[in-house]
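As recorded in TrEMBL, the features of this protein are as follows:
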DOMAIN    97-266  domain 'Protein HGH1 N-terminal'
DOMAIN    271-324  domain 'Protein HGH1 C-terminal'
Amino acid sequence: MSEIEELSQFLTLETRLDVKALALQQTLGLTGTADGRQMLINTPCVVKNLCKLLNDYQKSVAKDASLALINLSADEDLTSTLVTEGTEIIENMLNIITNPEHELADPACMVLSNLSRTKLGSERLFQTMGEKLEKYIDIFCQEKYNKKGARLHYLAAVFSNLSQIPAVRSYILDPSRTCLQRLVSFTDYKDSTTRRGGILGLIKNCCFETDHHDFLLSDAVDLLPKLLLPLAGHEEFDEEDNDKLPIDLQYLGEEKTREQDPDIRKMLLEALTQLCATKYGREYLRSKNTYVILRELHKWEKNDNVLAVLEHLVNIVIRFEHEIGYDNLKKEVEVPEEITEKFNALEPAL
């Protein structure tokens, strides 16, 4: 019996507390190195035992077990092993998230966020969730769902990762559901960059579905003001420009500030750029005076990466349709290279 196999025998709910705590400390230490993680993952029952310890009556034991699982799941080289049927790690994390009395729901969300970064991990997670995905969206939208203080912000990162799968985007964009309508309300969520950024990642991926641009920009979803509002400051416009803007962007007060995170500003602009892939989207953005919001943002923006995306978007918005010459920039042939290469660079990838 190897040392790791011997160690794993003590990672059980029944083991005496002092012995269990010591074994867990050694296990947690091993998760800090690639070699240590590999040895643990190659030992039967380690992951299953760690999952069971999340329900240990001793909070310190349960917390250390959650940290060990976070470290293991963060190693993408181990994902294929972790998501196999025998470990039951996905099922255990989902059970914890749905339990409103569990104190480790946030670490469980982090584990799933790590696992779903790869194609295999996200596909396995969606396979396990199945038609219950909407249930987890319901839980996410209830900010006080967890009675022990867990905020479940990392579920947003899980949804963003899952949305890289075409089947998930179809699920989210199904007009018979209200998934997207509920999630878009978090694009300007002040209390968590993780929640805000994860939902914007999902929205950006959904914007790649050009056949759904009509739905995304319809009154049912009302996506455009949700994307523009975080990019708007407190600038004053004349009455003519104000009247053309979506109602949510008219006469913003002096206290209005822009999104502070440059990565999130970049995602907002990338989503708007994808909406410009169709003639319908471009004309809709122009009709809602999107340009004036982008113009003022350009005066304020200092980040070079954000400016590059912003200037590309402005270049599309200010062009006449006869200059572009194509309805759908992602489907038509012989699209101008300077436009298509930008869209290709934004494609969702796993």
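Backbone N, Cα and C define each Cβ position, glycine as well.
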Summary of DSSP states over the domain 'Protein HGH1 C-terminal' (271-324), given as helix, strand and coil counts: 43 helix, 1 strand, 10 coil
Across the domain 'Protein HGH1 N-terminal' (97-266), average pLDDT on the 0 to 100 scale: 95
